[in-house]
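As recorded in TrEMBL, the features of this protein are as follows:
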ACT_SITE  ASP22  active site
ACT_SITE  ASN70  active site, proton acceptor
BINDING   ASP22, GLU209  Mg(2+) binding site
BINDING   23-27, ARG35, HIS39, 67-69, TRP71, ARG73, ARG190, 196-198  substrate binding site
Amino acid sequence: MSLIKDKINSKNLPKHIAIIMDGNGRWAKTRGEERTFGHRNAINAVRNAINACNEIDIPYLTLYTFSSENWSRPANEVSTLMNLLVETLLLEAEEIFSKGLRMHVIGNLEKLPPLVKEQLERVMELTKENTKGNLVLAISYGSQNEILNAVKSISSDVKEGKVDVENIDEKLFENYLYTKDFPPVDLLIRTSGEIRISNFLLWQIAYAELQFLDILWPDFTKDIFFQCIVDYQNKERRYGLTGDQINAQ
Ligand code: IPE
Ligand code: IPE
Ligand code: MG
């Protein structure tokens, strides 16, 4: 029984939590191991995040799994990460399914090795009827590229007369993003002590609460996650209003 979990107010849960799972390489290094050892030990932390969300019914969890910039890492690290993804999807698909989770993927999937794409598509298909929660993997994902692609698609729809320039607003724009079916991010967590966004969900975090944790990703536990939610609930989200206005609502 987790005491921290008991402090969570189930009436004020974030609908969408996004995590920048950072620090695997440093975790391995402090143990005198190769960076890839850190990636292998990251899987359990991923499980902790998914299970914690599932236990308290967070509807959307987005995990930054591999960025568009991560393609420039050494080839052996990239291939280890791709293999790990395939292995993990093979091992965990049933578990994801039986938890009632629907898996989605956002990012430039064209760049992925066929085996990774196949597994991702298989698990998305397997879980597409699930409604208890949504697990979104950001893979080969870059937010600036996502925004540029949206701009290109809108421009071509304007050119073809499908969209009127006057009608381009936030809502319409969002319909051109990978995340069009998901609510905005309420809480963004980054591990590893770095205080940066690294090209993740730039549009979608406009009003998110940001939490930067000093721990490295493989050390992430359910209790750490529950504490993040407690801290989130202690914030006043003002959206530009005054505190008095919020209290009067
Ligand atoms: C996050 O850990 C995993 C990925 C980016 C794929 P890192 O591999 O970035 O670990 P550090 O930040 O170098 O410690
Ligand atoms: C962000 O971490 C990407 C993922 C966690 C998948 P990085 O380790 O790639 O970010 P930077 O390079 O430190 O900004
Ligand atoms: Mg890193």
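Every residue, even glycine, has its Cβ placed from backbone N, Cα and C.
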ARG190 (substrate binding site) and ASP22 (active site), Cα-Cα, nearest whole angstrom:
7
At a 10 Å cut-off from the C-beta of ARG190 (substrate binding site), count the other C-beta atoms across all protein chains.
23
For ligand 3, pick out the recorded positions ASP22, TRP27, ASN70, ARG190 that have a CB under 6 angstroms away from one of its atoms.
ASP22
Return only the integer: C-alpha distance in Å from GLY23 (substrate binding site) to GLU209 (Mg(2+) binding site).
21
Binding-site residues close to ligand 1 - of GLY23, GLY25, ILE197, only those whose C-beta is under 6 Å away:
GLY23, GLY25
So for ASP22 (active site), how many other CB atoms are inside 10 Å of its CB?
21
C-beta crowding around ASN70 (active site, proton acceptor), within 10 angstroms:
17
Of the recorded positions ASP22, ASN70, ILE197, which ones put their CB under 6 Å from ligand 2?
ASP22, ASN70
Should GLU209 (Mg(2+) binding site) be counted as helix, strand, or coil on the basis of DSSP?
strand
What does DSSP say about ARG190 (substrate binding site): helix, strand or coil?
strand
Rounded to the nearest angstrom, how far is the Cα of the residue listed as 'active site, proton acceptor' from the Cα of HIS39 (substrate binding site)?
13
When the Cα-Cα distance from the residue listed as 'active site, proton acceptor' is computed for each of the binding-site residues TRP27, ILE197, GLU209, which gives the smallest value?
ILE197
